[in-house]
Amino acid sequence: MRQKIVAGNWKMNNDKAETKALIKGIKKAIKKLSLKNTRVIISPSYVNLSAAIKKADNSKIEVAAQNMHQAKNGAYTGEISADMLKSINIETVIIGHSERREYFNETDAILAEKMDAVLSNGLEAIFCFGEKLEERKSENHFAVVESQLKNALFHLEAANFKNIVLAYEPVWAIGTGETASPEQAQEMHAFVRETISKKFGKEVADNVSILYGGSVKPANAEEIFSKPDVDGGLIGGASLKAEDFAAIIKAI
Ligand SMILES: O=C[C@H](O)COP(=O)(O)O
């Protein structure tokens with residue numbers, strides 16, 4: 001079912017004490033919100049996932065991982081498997097963030113394997129995609145996004161989309177302070193929904209949540225979230241301050 005979602009991607013920030021303190025702050029700040037049909041997700045680093053789950057227990061906050069390896073187990077030094085995440089009660093994983101694509105060479109083919117691993121393990125994926133600045137400037141942004149979706153998702157079954165959240169993150173808007181305009185976000189989200197509809201049918205497309213990510217702040221969240229095909233946000237920098245994150249949640 002299509003849901004409103006505000007997800008915070010903490011990236012490589014916050015040690016254990018900071019993780020617990022930030023969760024405490026978010027819990028306090030959102031305590032009185034009704035959050036009907038709205039999910040709040042945070043995504044701390046691997047080493048703090050267990051502490052985060054414990055701290056977020058009995059609250060409105062879900063905890064997700066930022067990445068996962070596609071293999072079941074084996075000689076992959078430094079990597080984390082689905083079984084390991086499941087063993088600490090993680091149910092959601094971010095896949096395909098542009099920083100993983102850029103700095104860790106995660107290709108569409110690898111991301112397709114990661115999606116298979118996430119879904120076959122009964123986990124939920126927040127699948128990220130989005131064009132780079134030069135691709136937008138050369139007006140190739142729709143083609144780039146279409147190919148990212150095709151290459152990583154089009155081998156899946158329609159039923160898999162029950163466990164997929166999409167996150168459009170134009171790379172030029174991540175951490176730059178430059179946000180896609182609400183119109184640009186809406187235009188791309190509508191295109192993504194149409195692309196999903198053509199391949200998997202209207203019901204799947206109507207029910208999938210599509211988040212926008214890229215310099216979402218308390219000041220611009222409401223306008224971006226007001227667009228009909230924008231179902232929420234994947235928040236980086238502004239998710240690291242409880243008041244800012246709470247203000248973005250309120251904006252939904
Ligand atoms: O995953 C989150 C995005 O990379 C957005 O980051 P940002 O809000 O700091 O621009």
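Cβ from N, Cα, C; glycine included.
These numbers come from a predicted model, not from an experiment.
In the three-state DSSP assignment, the secondary structure recorded for His97 (active site, electrophile) is coil. Cβ contacts within 10 Å of His97 (active site, electrophile), excluding its own Cβ and spanning all protein chains shown: 27. TrEMBL lists His97 with the feature active site, electrophile.
Annotated active site, proton acceptor per TrEMBL: Glu169, in sequence order. Around the Cβ of Glu169 (active site, proton acceptor), 26 further Cβ atoms fall within 10 Å across all displayed protein chains. Taken residue by residue with DSSP, Glu169 (active site, proton acceptor) is part of neither helix nor strand, so it is coil.
Shown in sequence order, Ala173, Ile174, Gly175, Thr176, Gly177, Glu178, Thr179, Gly237 are the residues of the chain, 6+ apart in sequence, with a C-beta less than 8 angstroms from the C-beta of Ser215 (substrate binding site). The feature substrate binding site is assigned by TrEMBL to Asn9, Trp10, Lys11, Gly175, Ser215, Gly236, Gly237.
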Shortest C-alpha distance to Glu169 (active site, proton acceptor) - which of the recorded positions Asn9, Trp10, Lys11, His97, Gly236: His97
Neighbourhood of Lys11 (substrate binding site), C-beta criterion under 8 angstroms, separation at least six: Gln66, Glu99, Gly236
Around the Cβ of Gly175 (substrate binding site), the count of other Cβ atoms that are within 10 Å: 12
